[in-house]
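Trainee: Structure provided below as structure tokens; questions to follow.
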Amino acid sequence: MRVSGRPMLLALLLLLSTVGDRGRAQSRGPADRQTLLRLLVELVQELKKFHIGDSKRLQLLGESDFALGRREATDYGADQEEQRVEIVPRDLRMKDKFLKHLTGPLYFSPKCSKHFHRLYHNTRDCTIPAYYKRCARLLTRLAVSPMCMER
């Protein structure tokens with residue numbers, strides 16, 4: 001938890017001024033005032049050093065960690081083929097089981113097999129596991145379409 005130095009400094013000054021002369025019968029001399037002043041100045045300097053240290057720590061974690069270096073900046077976006085994400089097909093039996101679980105048994109007539117294969121093997125919805133629910137919906141719509149209902 002971070003506490004600002006000013007309220008703490010004001011609290012110390014208030015505390016020192018209220019204690020005052022209770023413990024002493026005689027008034028303070030100039031030497032006591034100088035030591036009190038020196039103590040307060042040292043306290044303020046320590047607080048400043050503490051805050052400067054905090055700001056340096058925050059600065060170290062700041063922009064310099066996330067900035068691209070000269071070499072990284074030139075490599076970024078250099079070759080489009082290297083940045084292309086290659087989707088590795090998962091186990092095709094698992095894909096088939098999952099889609100059968102979502103759709104139930106589907107029948108496609110021979111007239112519709114070309115459309116089925118295009119949809120099943122070439123669309124994003126049926127090749128990326130995150131979109132299998134969309135694929136199941138598309139396959140059921142294809143299966144009940146008038147073109148595919150004929151046997």
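In case you wondered, yes, glycine gets a Cβ from its N, Cα and C as well.
Here Swiss-Prot flags 1-25 as signal peptide, drawing on sequence analysis. Taken from Swiss-Prot, the feature disulfide bond applies to Cys112-Cys148, Cys126-Cys135.
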Trainee: Between Cys126 (disulfide bond) and Cys112 (disulfide bond), what C-alpha distance do you get in Å?
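Mentor: Their Cα atoms are separated by 17 Å.
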Trainee: If you count other CB atoms within 10 A of each CB, which of Cys112, Cys126, Cys135, Cys148 wins among these disulfide-bonded residues?
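Mentor: Answer returned by the neighbour count: Cys135.
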